[in-house]
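*Asks:* Summarising the annotation, TrEMBL assigns domain 'Glycoside hydrolase family 19 catalytic' to 1-179. Residues or ranges marked as disulfide bond by TrEMBL: C42-C52, C152-C189.
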Amino acid sequence: EVAAFLGHVGSKTSCGYGVATGGPLAWGLCYNKEMSPSKLYCDDYYKYTYPCTPGVSYHGRGALPIYWNYNYGETGDALKVDLLNHPEYIENNATLAFQAALWRWMTPVKKHQPSAHDVFVGSWKPTKNDTLAKRVPGFGATMNVLYGDQVCGRGDVDTMNNIISHYLYYLDLMGVGREEAGPHEVLTCEEQKPFTVSPSSASSSSS
């Protein structure tokens, strides 16, 4: 599970590229924030629960990068830190960045959904609907929980394969060995119906 968690962290924070020394997978845990955000990631739909602080950008920061005001607000509530007014705390404090990432790993994104931890360790039992949606416990389902339709249900895409490659890399690094990763249908989520649909896909107005 540590390798699975780090596989996500490594893929999301990597500054590796094709010809980097040691290969692109050796460069996880490099960036602690999105380097050139294209927008402020402020969603006014949450103006009563998690209102955006004027002039503050809610771009990706942390070990499992947090985006959007509502995610900073929810994470801040859980960790009892004012991330809504001070999202920069995540990039300035490595301990907090990992506390936030571990909280996300252990906590369902939505009610009536499992957490990444639950689907990985097998404490989640798929319903009949899950089975029909080809959602099975394992690493592939962790991508589904954390990223939904941004990565899963789209076939054999690079974004998904990049996360899997990091996971296998960390398994090798930890001496577990990638052969323990499980069969293809457990490792990937290429055919899994997403648990969640991202706001940008659901409505073009927010993108």
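Positions of Cβ are set from backbone N, Cα and C atoms, glycine also.
Remember, TrEMBL labels are computer predictions, not curated facts.
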*Asks:* Tell me, if you would, which residue among C42, C52, C152 (disulfide-bonded residues) has the fewest other CB atoms within 10 Å in the structure shown?
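*Replies:* Candidates: the disulfide-bonded residues C42, C52, C152. Fewest Cβ atoms within 10 Å: C42.
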*Asks:* To the nearest Å, how far is the Cα of C189 (disulfide bond) from the Cα of C42 (disulfide bond)?
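*Replies:* Cα of C189 (disulfide bond) to Cα of C42 (disulfide bond) measures 29 Å after rounding.
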*Asks:* Between C152 (disulfide bond) and C42 (disulfide bond), how far is it from one CA atom to the other, in Å?
*Replies:* 25
